[in-house]
Amino acid sequence: MLTERSTLTQFLIEERRRHPGSSGELNSLILDVALACKAIAKRIASGALSDLVGKAGAVNVQGEQQQKLDIVANEIFLQTNEWGGQLAGMASEEMEDPYAIPQQYPLGKYLLTFDPLDGSSNIDVNVSVGSIFSILRAPVPGKAAGTPDFLQPGTEQVAAGYAVYGPSTVLVLTVGTGVHAFTLDPALGEFFLTRQDIHLPEATCEYAVNTSNRRFWEPAVRRYIDECLQGVGGPRGKDFNMRWVASLVAETHRILTRGGVFMYPRDSKDPEKEGRLRLLYEVNPISMLVEQAGGLATTGRERVLEVRPTDLHQRIGFIFGSREEVERITRYHAEQGDGSDEQPESFNPLYGPRGLFQAR
Ligand SMILES: O=P(O)(O)OC[C@H]1O[C@](O)(COP(=O)(O)O)[C@@H](O)[C@@H]1O
Ligand SMILES: [Mg+2]
Ligand SMILES: [Mg+2]
């Protein structure tokens, strides 16, 4: 019987009782991931007292500036998870190719993908960051996994979760039976169950989007946000609130707590990339959590969890949150057509440099 003071270990044991015959390997893996999160939380909490704040001076496979903590968090994830014999491979935001489990350790039946530190541009300003993880089954248990093994749709995830390193450290987890939150007691070094069966409100008046990208958005997204901005006098007939932490984990945690809708939609900013966020270790695990909590997650065109990945670091448009708003945004995408013949608004000839309504 679980109570508000059950530990993560007790929770996992209860879950296992519901699946007689299970080996316990998934539980061991989740506990190793939780250990990685505790170790990362401790490093982050030291802030400027450690020498881990600031840029590492390197650029990762994504072409992004690595923070020192990006590298440290990645190392922690690798070390805590490589030894236990549950994994056939790992893939990380910070590594171009899958990580091969060192030969001295046995290979297992799961794959782990992770974003070791999400929202890392927030570290220097002491704003919440997090870690995100996803667990898949290895197509061939006991055989070292290569890139194609990781390219599974999100529907195949066995478990997913994140840790948010905020005023407190909270681990949010699903093993496919609802979403549950565990708060870290830093004195005991133990995660305790603090919210069971999280359910996302169906309606919301709060959205999260980086509006500085507005000129690159598709018409459906501009339409949705413009309608929200018109507030009580506009077509929605109500006022909306906006939040943008620039940390997907923090944004997800807020939405799982009080509802809302998040968008980092497909845009035309960089024609090489279909979106900003990465499918395998950001978008898929968050989508599993959101669906398990009764919300929806879409690319605007299709359910995220059904997308067939083509690349380990594939980026994709991502919209998730309270059901009613995500359904509306999906409808706006359908009404705009496939968008392939749409010009970004910045190219509208009426507003161009020689257009009728030339901006001054
Ligand atoms: O810089 P922007 O456009 O606000 O983007 C913020 C987004 O980038 C991210 O920080 C990307 O994650 P990483 O920090 O792991 O690269 C998301 O957490 C967040 O939603
Ligand atoms: Mg990230
Ligand atoms: Mg990251």
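Cβ atoms here come from the backbone N, Cα and C positions, even for glycine.
Caution: TrEMBL annotation is automatic and unverified by curators.
Across the residues of the domain 'Fructose-1-6-bisphosphatase class I N-terminal' (6-195), the predicted structure has a mean pLDDT of 94. Residues or ranges marked as domain 'Fructose-1-6-bisphosphatase class I N-terminal' in TrEMBL: 6-195.
Residues or ranges marked as Mg(2+) 1 binding site by TrEMBL: Glu93, Asp115, Leu117. Secondary structure at Asp115 (Mg(2+) 1 binding site), as computed by DSSP, is strand.
Sequence-distant neighbours of Asp115 (Mg(2+) 1 binding site) (same chain, 6+ apart, CB under 8 A from its CB) are Ser92, Glu93, Ser131, Ile132, Phe133, Arg278, Tyr281, Glu282. What TrEMBL records for Asp115, Asp118, Glu282 is Mg(2+) 2 binding site.
Look at Ser120 (substrate binding site): DSSP puts it in a helix. Residues or ranges marked as substrate binding site in TrEMBL: Asp118, Gly119, Ser120, Ser121, Asn210.
With helix defined as DSSP H, G or I and strand as E or B, the domain 'Fructose-1-6-bisphosphatase class 1 C-terminal' (200-333) counts 59 helix, 24 strand, 51 coil. Residues annotated as domain 'Fructose-1-6-bisphosphatase class 1 C-terminal' in TrEMBL: 200-333.
Among the features that TrEMBL reports, region 'Disordered' is placed at 334-360.
Sequence-distant neighbours of Asp118 (Mg(2+) 2 binding site) (same chain, 6+ apart, CB under 8 A from its CB) are Val129, Gly130, Ser131, Ile132, Tyr162, Ser247, Leu248, Val249, Glu282. The number of other CB atoms found within 10 A of the CB of Ser120 (substrate binding site), across every protein chain shown, is 23. Among the binding-site residues Leu117, Ser120, Ser121, Asn210, not one has its Cβ under 6 Å from an atom of ligand 2. Shown in sequence order, Asp70, Ala73, Asn74, Ser92, Glu94, Phe114, Pro116, Asp118, Ser120, Ser131, Ile132, Tyr281, Glu282 are the same-chain residues outside Glu93, Asp115, Leu117 whose Cβ sits within 8 Å of the Cβ centre of the Mg(2+) 1 site.
The 6 Å Cβ screen around ligand 3 retains nothing from the binding-site residues Gly119, Ser121, Asn210, Glu282. Summary of the Mg(2+) 2 site environment: with the site residues Asp115, Asp118, Glu282 set aside, the chain residues having Cβ atoms within 8 Å of the Cβ mean position are Glu93, Phe114, Leu117, Gly119, Gly130, Ser131, Ile132, Tyr162, Leu248, Val249, Leu277, Arg278, Tyr281.
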